[in-house]
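Student: Here it is: the structure, laid out below.
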Amino acid sequence: MNETDIQLKMKKLRETIHYHNHRYYVLDDPLIPDADYDTLFRELKGLEDQYPQFVTADSPTRRVGAEPLPEFQKVTHRAPMLSIEDAHQVEEVYEFDQRVKRLLDLPVEAVIDYCVEPKMDGVSASLTFEKGILIQGSTRGNGSVGEEITSNLKTITMIPLKLNTVEAPPFPDLFEARGEVFISKEDFFMINQEREAAGAALFANPRNAAAGSIRQLDPKITARRKLMIYFYGPGYYGAWTFKNQVEILDTFRAWGLKPNPLTKLCRGIDEAIAYHHHIESERETTPYEMDGVVIKVNDSSLWAQLGSTTRNPRWMLAYKFKAQEAQTIIKSITVQVGRTGSLTPVAILEPVPLAGVMVQRATLHNEDEICRKDIREGDWVIVHRAGDVIPGIVRSLSEKRTGQEKRFTMPSECPVCSEPVVKEGAVHRCPNHDCLAKNTERIIHFVALNAFNIDSMGAKIVQQLIAAGLIHDIADVFYLTFEQLVQLPRFAEKSARNLISSIADSRKIPFHRFIFALGIRNVGLHVASILAREFPELEALQKASADDLVSIHEIGPEIANSVVEFFQADRNAAVLDKLFAAGVTIKYETEPPLTTQISALAGKSFLFTGELEAFTRSRAQELVSSKGGKAATSVTKKTDYVVVGKNPGSKINKARKLGLIILTEQEFIDLLAEKEKEI
Ligand code: IVH
């Protein structure tokens with residue numbers, strides 16, 4: 001064969017493989033057995049190895065193999081990636097239908113066609129195709145600018161590297177296809193099992209697993225996660241014309257961009273609502289997570305008339321499913337000791353499947369909460385999980401009591417070190433600085449993300465190192481040696497070497513993360529960032545008095561005292577010396593750290609009014625501060641968000657007058673999860 005023939009043969013093979021991919025992944029209708037497909041694939045691969053000069057970017061062999069990146073590049077979307085307005089109650093769905101008709105000057109009784117699609121609970125991606133070839137893929141980011149993750153997206157076998165042209169309409173020269181990347185419930189369990197075995201932190205839910213996988217700097221890691229994608233619409237689409245959403249999805253399917261097969265055209269809002277209920281009833285048995293349906297006006301000529309707000313198109317609505325609940329038994333109540341010594345009662349449950357995960361534990365927050373809800377060991381309870389939030393107990397089912405249930409009282413001694421417990425407000429606390437539980441949590445916090453960020457050092461490994469007597473305090477982490485590690489069970493040479501090198505890599509650390517890593521009480525990431533901005537270097541912070549500290553905006557006396565106390569303690573001074581002796585260096589930032597990059601809540605103030613369903617008020621406030629936000633107690637111009645529960649007080653009126661952003665509880669929960677969603 002001469003070179004032209006070889007090129008032709010390779011082209012033919014590529015096209016054949018693309019076509020069989022399409023039959024398999026999009027049409028669910030393979031024409032040839034897997035073994036024949038493998039033969040074609042190997043033949044192409046063989047030719048490509050022999051003639052690398054003829055390899056093309058759209059070759060089906062090019063999915064894996066890209067080199068790890070140092071960081072992600074930014075990509076500006078050609079059309080912004082907006083969000084969708086949420087509805088939880090059926091009345092809101094009727095209101096949406098009425099609003100659509102009002103805006104279109106249609107009579108109240110007009111019947112609108114809606115395209116109803118499952119709302120996939122994953123992460124959105126935008127894929128740019130030029131002349132039918134995938135040239136770029138990105139995350140949503142802030143909606144205008146996302147991160148370039150082309151190599152990662154190429155590892156997803158459901159994404160065509162080249163659009164199908166067989167029996168398909170022509171495609172525009174340049175367009176963006178948008179879809180939701182997700183992972184099946186089953187693969188999520190498998191990944192977590194592997195991670196547990198490896199001592200790595202577990203993903204909280206399939207969405208986090210998908211988000212974590214798609215943002216890997218090394219595409220080989222992404223390739224190992226079995227990510228999937230369903231496409232739901234275009235971004236920028238050039239001169240392409242279409243009549244309606246159903247036609248868009250049909251065309252997408254023909255090109256090889258698979259939409260969710262559970263999509264349905266509904267005549268009128270009642271049919272759309274009925275379909276929502278139908279999909280909700282299939283939720284448990286569907287192999288991936290959905291959190292509602294998206295109801296879209298089908299006729300695309302109406303979209304421009306309806307327009308968009310700054311955040312949402314007015315022609316679609318996300319009708320969310322009910323927060324998921326399940327019934328189970330509390331086998332026992334144990335007490336966990338946190339980093340600051342706080343004792344948290346935790347219900348150990350008879351495992352029960354809920355929203356795609358097996359729920360085995362639920363926090364009971366504190367003793368007051370247990371009394372208020374009258375929760376006893378042995379009780380039947382309703383557990384609830386909303387979005388990302390850890391499961392909570394809604395109530396106990398006292399009618400199912402047998403008389404064998406036991407009331408719970410907080411221990412008077414720390415369950416770990418036996419030190420007598422002290423009570424501060426609603427919180428029970430172990431005051432022993434050297435308590436093993438506190439120490440373990442301190443070290444876990446020290447190496448965690450946003451602190452020293454020692455990736456391969458999960459909680460299990462920290463526990464193992466403490467048990468082996470290799471580390472006693474945070475500074476000891478930097479004195480670990482390869483020889484010590486390889487002797488430990490479950491440490492192979494490679495993992496020992498990896499851990500040592502990630503520890504070495506973490507030695508240089510930005511000032512705000514250093515402060516956060518110390519685990520000073522009341523100093524979360526946001527406060528740490530303020531302190532890093534206000535003090536030129538550590539020495540100045542160490543010397544600061546409580547008065548100096550309270551003069552800083554957002555620093556109150558409680559934080560100030562914790563900081564002063566921390567730096568006055570001799571044992572902390574000793575640990576700091578030990579850290580610097582090990583070569584830890586602080587990078588002082590010339591620019592103030594942008595906490596907004598860390599979480600959607602960072603730097604924002606939240607006020608809660610009315611009763612919340614998913615958490616107690618104090619738990620919600622805790623969540624806000626754990627994500628770098630601030631919980632406010634009164635409504636002022638400076639309040640960023642007012643979260644409204646059931647039966648809100650007068651604060652909501654004041655908030656409206658001031659024109660503040662008002663969130664429903666679900667919107668607040670979504671915001672809590674936003675970082676994971678948007679990255
Ligand atoms: S249409 C204006 N359709 O939900 C945004 N989105 O909350 C147009 N999502 O960022 C999106 N399933 O990631 C659309 N069938 C579906 C969807 C869907 C999941 C996600 C998407 C979007 C988010 C908005």
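Quick reminder: no glycine exception, Cβ is built from N, Cα and C everywhere.
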Student: Given that TrEMBL lists Asp34, Ala35, Asp36, Tyr37, Asp38, Ser83, Ile84, Glu117, Arg140, Lys296, Lys320 as binding NAD(+), which residue among Glu3, Glu180, Glu350 does it place in the same site?
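Tutor: The record-listed residue among the candidates is Glu180.
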Student: Quick one: what's DSSP say for Asp34 (NAD(+) binding site), helix, strand or coil?
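Tutor: Note: Asp34 (NAD(+) binding site) is helical by DSSP.
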Student: Between the binding-site residues Arg140, Lys296, where is the Cβ count within 10 Å the lowest?
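Tutor: Taking Arg140, Lys296 as the binding-site residues, the minimal 10 Å Cβ count falls on Arg140.
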Student: Where the criterion is a Cβ under 6 Å from an atom of ligand 1, which of the binding-site residues Asp34, Asp36, Cys414, Cys435 meet it?
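Tutor: What lies within reach of ligand 1, judged by Cβ under 6 Å, is none of the binding-site residues.
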Student: Where Cys430 (Zn(2+) binding site) and Arg140 (NAD(+) binding site) are concerned, what is their Cα separation in Å, rounded?
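Tutor: That comes out at 44 Å between the alpha carbons.
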Student: Tell me the coarse DSSP state (helix, strand, coil) of Lys119 (active site, N6-AMP-lysine intermediate).
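Tutor: For Lys119 (active site, N6-AMP-lysine intermediate) - judged by DSSP and reduced to three states - the answer is strand.
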Student: If one looks at the chain holding Lys119 (active site, N6-AMP-lysine intermediate), which residues at least 6 apart in sequence have a CB under 8 angstroms from its CB?
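Tutor: Those within reach of Lys119 (active site, N6-AMP-lysine intermediate), by Cβ under 8 Å and sequence separation of 6 or more, are Ile84, Met290, Asp291, Gly292, Val293, Val294, Ala318, Lys320.
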Student: Looking at the binding-site residues Asp36, Asp38, Arg140, whose Cα is closest in space to that of Cys435 (Zn(2+) binding site)?
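Tutor: Smallest Cα separation from Cys435 (Zn(2+) binding site) among Asp36, Asp38, Arg140: Arg140.
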